[in-house]
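Here's the structure we're looking at; comments come further down.
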Amino acid sequence: MIEFEDVTKRYPDGTVAVDKLSLRIPSNQITVFVGPSGCGKTTSLRMINRTIERTSGTISIDGDDINGRDAVTLRRGIGYVIQNAGLFPHKTVVDNVATVPKLIGWDKRKAHSTAMELLERVGLDVKLAERYPAQLSGGQQQRVGVARALAADPAIMLMDEPFSAVDPIVRHQLQEELLRLQRDIGKTIVFVTHDIDEAIKLGDNVAVLRVGGKLAQFAPPAELLANPADDFVRGFVGQDRGYRALTFVHPEALPVQPLPDELALQDGVPLGWRNGSEELLPVGSVFKRGDSLRAALDAVLTSPTGCGVCVDDDGKAVGVIDQSTVAEALRS
Amino acid sequence: MTWIGDNLGLIWEQLREHLYLAIVPVILGLIISVPLGYVATRYSWLANPLIAFGGILYSLPSIALFIVIPAVLGTKVLSTVNIIVALTIYTVSLLIRNVIDGLRSVPPDVRQSAIAVGYGALHRVVAVDLPIAVPVIFTGLRVVTVANISMVSVGAVIGIGGLGELFTLGFQKDFLTPVVVGVVLSLTLALIADLILVSLQRILTPWARVATPVGEVA
Ligand SMILES: Nc1ncnc2c1ncn2[C@@H]1O[C@H](COP(=O)(O)OP(=O)(O)O)[C@@H](O)[C@H]1O
Ligand SMILES: [Mg+2]
């Protein structure tokens, strides 16, 4: 656990970037710092590896004040990923990844083989290992950045807007891969972004900061969407928060109705809707029992008949749900 | 032509002296400029005054330096030390700007990640900053090496000038051959030295020549 207690950062020019921040970042989860530009996210993050020194307050890792440790040693135990990856242009991809293992004195062969494994792990072709960073695309560089941060197997990884500079499609892939990777590695990840959607997608917990480095709310994404602490948070999570919040609503049992005759099936799997002509109308999106309310709403909205189809794990239709049922669930 | 054949020993001797007088200051100058440039990037208020001071030093006439240095250092007028010191001053005055520019050419996010992965201050300079500064430093190194090779000849005026002494010889005897030999060898030396530096730079910076990627593919 990383703990901030009354942490303040005042820059020499008098700017108070972070003001009496107190929060607990749980281990083995992704905690996202989100907030508008200039609200002190980067400052807060970089105080953890002491690349920025706090002015007052304490930051501790598993109970030990980080100021009690040598800064350079501390940093070698904390992975760090930034927006444009910040790869060393004069080192090959594999040497970039092997940087920290070499710094902490692993023998060359072990550092190299670990680096190669990590490249595969973050989804990079190992053929790229001997290339230089300038030869890679932005998305590939970002993957190398993640591999470099993980190379010496640190317990903590800090990520500062790591996916902000790549195009939306690549960003989406990188986000999915981070979640997949995190399921395997279970690091304590502190992730900074200005993008609330990214925060909600990635965070187990989200810390919303307001300008002046004040904590507005610290909560899991569902809680944030359902109960914004104040107008600032409400405004920041956005107008469509109601719809987004449905992602986190799992109705215990939506009352499904029996399958209507209009639904054509093949071995139980929905094929389409009959409407009197030869051709079937598309089924629309389907949802599973136990899916979120958002999935059910999507099914209703995309079905040509206004009836969303519920399927089991094998994809066989088990029932349908109509608009009024969803509306009912939404009201409750 | 017979003069050349008769004086091969002398020519060889002057060539070696020329090379020595030109190259030693480049090496000394580099050894001085790198730490000086590093200090100037740490204490950034130092950088501009240093560069300006270098500019002034570089504009001093070499002949004046060759004559003043023995007085200041107390060396003999005919000592090679004078030439070496003078040319080292020139080297530093020119190279300091390239070292500072080179160290400044390290992108901020690269420097930031170098600190964050846990390089100590000195280790970072050697392992990250200086390698990235190599192309800019080498630009200065090439200029200063060629300049030094031509400037050594001026030392002939005070009696130590490598190939420049062939010029004095020719003028004294009103005889062109030694002058031509001196000019040709001096030019050749400059050309070869530059070629060596270019090759060395290519060997040191394979990363600076790579192609950039085509399009964004994750
Ligand atoms: N080195 C610095 N000196 C002075 N002010 C700074 C410095 N770095 C950041 N700031 C200021 O501190 C505030 C927070 O900055 P930052 O932590 O970078 O915010 P964020 O990452 O949320 O955009 C901003 O007002 C910024 O201008
Ligand atoms: Mg920032």
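Numbering starts at 1 and runs along the chain as displayed.
Cβ coordinates are placed from backbone N, Cα and C, and glycine is handled just like the others.
Sequence annotations record features per position, and here TrEMBL assigns domain 'ABC transmembrane type-1' to B:15-197.
Per TrEMBL, the feature transmembrane segment maps to B:20-38 (among others).
Residues annotated as transmembrane segment in TrEMBL: B:50-73 (among others). Proximity of distant same-chain residues to the transmembrane segment (B:50-73), defined by a Cβ-Cβ separation under 8 Å and at least 6 residues beyond the stretch ends, is recorded for 36, 40, 79, 81-83, 85-86, 89-90, 92-94, 96-97, 100, 151, 154-155, 157-158.
If one looks beyond the transmembrane segment (B:79-100) by at least 6 residues along the same chain, the residues whose Cβ comes under 8 Å of a Cβ in the stretch are 17, 20-22, 24-26, 28-30, 32-34, 36-38, 40-41, 47, 50-51, 53-58, 62, 65-66, 69-70, 73, 133, 136-137, 139-141, 143-144, 147-148, 151-152, 155, 158, 160-161. Look at TrEMBL and you will find B:79-100 (among others) tagged as transmembrane segment.
Annotated transmembrane segment per TrEMBL: B:121-141 (among others), in sequence order.
What TrEMBL records for B:147-167 (among others) is transmembrane segment. Listed by sequence, the residues of this chain that lie at least six past the ends of the transmembrane segment (B:147-167) yet keep a Cβ under 8 A from its Cβ atoms are 11, 14-15, 17-23, 25-26, 62-63, 66-67, 77-80, 82-83, 87, 90-91, 94, 178-179, 181-182, 185-186, 189-190, 193.
Beyond its flanks by at least six residues, the transmembrane segment (B:179-200) meets 4, 11, 14-15, 18-19, 22-23, 138, 141-142, 145-146, 149-150, 153, 163-167, 170-171 of its own chain at Cβ-Cβ distances under 8 Å. Taken from TrEMBL, the feature transmembrane segment applies to B:179-200 (among others).
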